[in-house]
């Protein structure tokens, strides 16, 4: 028996695991004192074993989980024992990895051994896979005599700290850097937001269109690029996350190939960034041939990163290939935020805004140049007339006439400029400031045209507040009152609710609104149009036979013009008992280049009122956005005194 015991001596391999800067070694060495009656197994086979020395080093990242392959034999033979002096103890750490509490013994002579199977112990996961040793595996293998004789008790590992384990099971999430944004103070930004609000409420399209900024472009694009980067990193790191269980081969060529692959594995370092347990290859029970099922989440196999060998097994042993990936642990190798792309995209956004701003400036310059050319042409005509007068009339008679004519023209121009923008005196300024002070909001400040203006209504003219219906109706009535003066066209202005009622309820709902008014007897009809959050103006000019739509945001609304033309037809039949002659009538919508445009989201009501003011005086529309603060103060004084300046 001593000879048999000497031949049965076996020294198991040593598996080294490098994880979180800690080294755990597993020495699978049986204890001595095996009974003689248990040495004879089925068919009294005495199997010679070959010592397989496997030294695999797996380098794991801080956020990656690691696994420790444990190798043992299902069919131990009588020559797989050591002397009584080589006593080995085994311990199991908290995460399911096996270690040896005693130093490994020196290498012994290698012997051939048949039917040796290698199994992979994996850490217990949430899917129900548990760490099982000594014959109990996930594939329901039977318990061998060797395992019954040499049970291995788990021993808690003091070297495996709880904090390290917690760092593996629940790694700290990477804190994303918050992106700071600059507050937009440019008027074009407010104008763009206001234009988008109008499109949402009215469903109309406006001529000046800019890229929408509901969600910042640089953030959405960076998120999409981060997703692509994450996919690439998972693709690269996933290829190095597989472990294999290699069964022993009875032939010498199979054993040699296993040793060759083991030597290659001993010099390889694998990066396991993230894993989830997933079986990617199964061994046939009879033939041991590897079958590779295709999964939608599996990654392609790279032979440079992982060495694998297809082996055959005898009896009921099976070869299992496991691919382990962790879907819950994020990979730190790829950044979720690329600063360079963000800077480029942010720069492109601001470049587009700058180009839009420059385009608007060019349009305003072109409009100013056009007005200047018109004035120069008028001056040229006046100079031409004066030259002809000099040629016809003697010089001594021409001098006083010319001087009188020039003086009259200069005086007329000064009067026009003073009428268009009269100066607000200090007394007027004090009165206006007094109105804007805090007081009783229901206090009546002005009353006329069967309308009452309170302090609350006047507050809509302060700063950038939106004008309400009472202010606009009161101002339109003042325009009607001024039209009674000599030399001005007669005007009738409809209520601010007229067009909305006409559009929604039809002519029958508004035909009594003109019971005491003959709309065909005036020169101009003013129709304020409210689009929910925006004020516009429609003008019916019976002298020129046209209906024109004015929008300070550049909107086109030919539908409103058609509704008003249809109203004139029905009004003529109802009041005049005859059809309205539409021959020669034209419908227009003023473009943004033809009339002044608002540069914020607050002055649409002021623009509509000032459009009506210029049209009812037969004056060109020559104001701009810069005049709006002046017009607001001026309108306060005009409403308080019920008189236009």
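Note that Cβ sites are derived from N, Cα and C of the backbone, with glycine treated the same way.
Segment annotation: Swiss-Prot labels motif 'Nuclear localization signal' over residues 575-578 (candidates 571-574, 575-578, 579-582, 583-586). Swiss-Prot assigns the feature motif 'Nuclear localization signal' to residues 629-635, out of the candidate ranges 622-628, 629-635. In Swiss-Prot, the annotation motif 'Nuclear export signal' applies to 636-645, one of the ranges 606-615, 636-645. Segment annotation: Swiss-Prot labels region 'Disordered' over residues 285-313 (candidates 256-284, 285-313, 314-342).
Check Swiss-Prot against the ranges 150-156, 157-163, 164-170, 171-177 and you find motif 'Nuclear localization signal' recorded for 171-177.
In the motif 'Nuclear localization signal' (575-578), helix, strand and coil residues by DSSP number 2 helix, 0 strand, 2 coil. Residues 422, 424, 428, 431-432, 435-436, 445-446, 448, 453, 458, 461, 471, 474-475, 478-479, 482, 613 of the same chain lie 6+ residues outside the motif 'Nuclear export signal' (636-645) yet bring a C-beta within less than 8 angstroms of a C-beta in it.
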